[in-house]
Amino acid sequence: MAAITTGGAGPERADALAVAPDAPDARAAAGSPREGGSGARQRRRITRRARLRRDKTLLLMTIPALALVVVFNYLPMFGVITAFEFYDPLVGVMHSQFIGLDNFRQLFGDPLFWTAVENTLAISAVQLALYFPIPIMLALLLNTVVSNKIRAFVSAVIYLPHFFSWVLVISVFLQMLGGAGLLNAFLIHHHVTPWNVMTDPSTFKLLVTSQAVWKEAGWGVIVFLAALAAIDPALYEAAAADGAGRWRRMWHITLPGMRGVIVLMLVLRLGNALTVGFEQMLIQRDAVGHEAADVLDTFAFYYGIGTSNYSYGAAAGLFKSVISLLLIYGANRLAHAFGEDGLYRK
Amino acid sequence: MTEVGFEGALAPGKLSQAAPPRRSSGRPVWEEPPTTAGQFGKGTVLVVVMALVLVPLYCIVVTSLSTQGAINQAGGLVLVPHGLTLDAYREVFGNGTVTRSLEVTFGITLVGTLISMVVSVLCAYGLSRFRSFGHRTILMVLIITMFVSGGLIPTFIVVTELGGYDQYWALILPNAVSVFNILVLRSFFSSTSTDLIDAARLDGAGEWRILWSVVLPTSRAVTAVIALFYAVGYWNTFFGAMLYMPTDQQKWPIQYVLYQYVNLGMTMPGVANSGYGGIHQQAAPLSLSMAVVVLTLLPILIVYPFVQKHFAKGMLTGAIKG
């Protein structure tokens, strides 16, 4: 399921993952008894057992979470074998007929599948170009607001839509831009040809991008605000003393200070290039038609579960997962090439 | 900025460096005074951005409170309120589907949040001690699931083969654990003062006692934020219902009902042949669907202000640590 969470999870994941890599360092600094001969090994085995006894309550506490993760995350990973089977719900995963790569052969010859791939990549590209810079600009703007009260109020307002469901967001857009919405009431009132934005396939990519911006751009600001807050104010003061104006300070201090976070978010975005608002597409598919709204996730849903051809959908899902992993790896290589950490260090 | 100020307060010697003298406006002395055009442009952008969020919500609330006459006159959504009435809400609450879905969603949200919080807090605490046995392996097992997933269909197959079809647990358990939330909790828990924990242990407290009486009380803000994240997630449950209970209307959560009414244009049962027998004036269908939108929105709007101040702080410090 994790693979189909919407793009909004991006910024949240980013800082959690940035936390993770420092754990090994801390442990190494604390000194693990890895070096030494048999005597050291002997001591280590005793301490291991002692540590196990000491920490058994802590281990016990992790069991409920581990159990849920094993059942609902790891079992499905083994469930990908259904992609190589002709899965029959009545006989189960273990006893379904194994058919090798037939599902994939069928998939790669399916024009609907390639439409879904194309839509996914195109929507991702539009979002990268039009969505990605907005939280950065908003953060820069908010950061220059001196009054704490105003800044807190504005951020409270722009974070809010992040907590709305996609159904709610699309209902709002429907009322604003739909056939009976505010925009068309205005157009009709002024005798202009009405334009139902919600059912127009030609502008659908822009529509979904603007929905994503409305819902998540405010929330995306948090990560960049944090990066801005971490910049040493003394740098600004020194630059100002040297005669740098506010634009020069932004160029030479603010932007370099944000570089790491920007690259990290970019890596995440590229790694998630195949994940574009699953529920968002699902809800609007009927209105705008499947040629425009089918992406990889909805393809797996409609042609897997909708038609009870589960193995076919599983094959499409597996294709997506594999390409996504390659993308994350590639994006990280790219980040390392630019001298940044990315998701994990080299 | 706040971080630096805090450090400065702890170390008085650094005060002058950490908190540069500011004018009464709060602007540092070295910064040039703002230009009028700049201030005006900045203000305009901020107002427009806020209006983009707030105006649609305002229209929806006003329309849900409007009479059919007002809606007809406006030709759709109502911008200027006149002829306000609660009829739409009376109608919606008289409608079994919506009331039922609200009950279901509240139930799922309460039970789900409780389960998620218990499981996540325990796990986060279990992993929060440096050099505790096996914590890195378990952490790895959890983090892998953020990158690798079986995908939609295999998850569906696992849940249905476990008998989850048409069961409420299918909306709760598959997403009960968010590894991201566990990582955030863990990073806060492991920053709890070790002196406090050692003192509690000297007093004979076990791990459960330390978690309950020392670690949780000192991490109240982050716990509240994570609980909000989980609760909002459950409140917004939509796809799970589409996947696991597409036909049983009695089990639909509110988001799925909203989808049926507003996005698919399903007629509301009890509206066409009004159960009110003509005593009340028939509420306008548009105000009805907007009333459902408002009911979906309301719990979030009510809880949000209480938690928002925490999460701005909590998330920021969490992110800075990272």
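The backbone N, Cα and C atoms fix where each Cβ goes, glycine too.
Feature list (source: TrEMBL):
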- B:13-35: region 'Disordered' (REGION)
- B:45-65: transmembrane segment (TRANSMEM)
- B:102-307: domain 'ABC transmembrane type-1' (DOMAIN)
- B:104-127: transmembrane segment (TRANSMEM)
- B:139-162: transmembrane segment (TRANSMEM)
- B:168-189: transmembrane segment (TRANSMEM)
- B:210-235: transmembrane segment (TRANSMEM)
- B:286-307: transmembrane segment (TRANSMEM)
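Listed as Cβ neighbours of the transmembrane segment (B:210-235) (distance under 8 Å, sequence separation of 6 or more from its ends, same chain) are residues 105, 108-109, 112-113, 116-117, 120-122, 125, 128, 171-172, 175, 178, 181, 184-185, 188-189, 192-193, 196-197, 200-201, 254-255, 299-300, 303, 307, 310-311, 313-315, 318. By the count of Cβ pairs under 8 Å, the stretch nearest in packing to the transmembrane segment (B:139-162) among B:45-65, B:104-127, B:168-189, B:286-307 is B:168-189. A Cβ distance under 8 Å defines the sequence-distant neighbours of the transmembrane segment (B:104-127), meaning residues of its chain 6+ beyond its ends; these are 135, 138-139, 142, 168, 171-173, 176-178, 181-183, 185-186, 189, 207, 211, 215-216, 223, 226-227, 230-231, 233-235, 237, 250-255. Listed by sequence, the residues of this chain that lie at least six past the ends of the transmembrane segment (B:45-65) yet keep a Cβ under 8 A from its Cβ atoms are 71, 77-79, 81, 84-86, 88-89, 286-287, 290-291, 293-294, 297.
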